């Protein structure tokens, strides 16, 4: 639906679209990993499985870094509004590029350097059935801590940022000078509160969906803090997978219900799809009844170039 987003596309919306893309990629790699390991095991070289894992971990951290960028943008915009000019579309594009490229390069290098990665038995043999056959990188507690520690650090950073935002907004509401400001400031504060709720929901879904998985990942390997049986590991792994899927589904509902830009693009997309189906069965197109909630949004934006060329 990104084609139907109207201009100008704000910084927060760019980051939210990037977060949606990274979530979708992470889910795709997650499903591919499950398919290759459980449904059709031993069908390809283990080196390909490791490469898919690189994609899964890198897109996971792309989501985490994008969420951090969203929090930083919101933090600067509310706590330090006079410095908001430092966050430009170019800055956001750099942050999004960083969020994707750096984790991929890091995990690709890690899997190449670690003895239990691509350098396992028959190293880098992608087209041999025995390629990387003795890969045991996932059993290494050091590897697991490398994955978990940055995530925990970012979660703590998010907690600090949002906590400080809430404290700051409470002080602003109690300031008599700011209370006597114009209606436009009141509207801006209301918009900030709505955006804050949206981002807190996204951060909360990340904590509930990923934090149990990270904890399980770091404490249940053979040489970790709490070695467990294979059956227990399978049960906890299933719970973790369920939480991850629920997290991705929840994010989709958050985007569609909280962001008017996403709601509008989904409305236009569904209307175009409905008219295409009507033409297939020989019916005429029906003009959409535009909801009143989009009136202000349409007055403040204009169509994307790709839509005007149609």
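Easy rule for this one: first residue shown is 1, then count along the chain.
Cβ atoms are placed via backbone N, Cα and C, with glycine included.
Residues or ranges marked as transmembrane segment in TrEMBL: 12-40 (among others).
What TrEMBL lists as transmembrane segment is 60-82 (among others).
Averaged across the domain 'G-protein coupled receptors family 1 profile' (61-255), the predicted model reaches a pLDDT of 79. Here TrEMBL flags 61-255 as domain 'G-protein coupled receptors family 1 profile'.
The feature transmembrane segment is assigned by TrEMBL to 94-116 (among others).
The transmembrane segment feature in TrEMBL is assigned to 145-167 (among others).
Positions annotated as transmembrane segment by TrEMBL: 195-219 (among others). Outside the transmembrane segment (195-219) by six or more residues, the chain places 12, 19, 60, 63-64, 67, 70-71, 74, 78, 141, 144-145, 147-148, 151-152, 155, 158, 162, 165-166, 169, 225-226, 236-237, 239-240, 243-244, 246-248, 250-251, 254, 258-259 with a CB less than 8 A from a CB of the stretch.
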Candidates 12-40, 60-82, 94-116; stretch with most C-beta pairs under 8 Å toward the transmembrane segment (145-167): 60-82
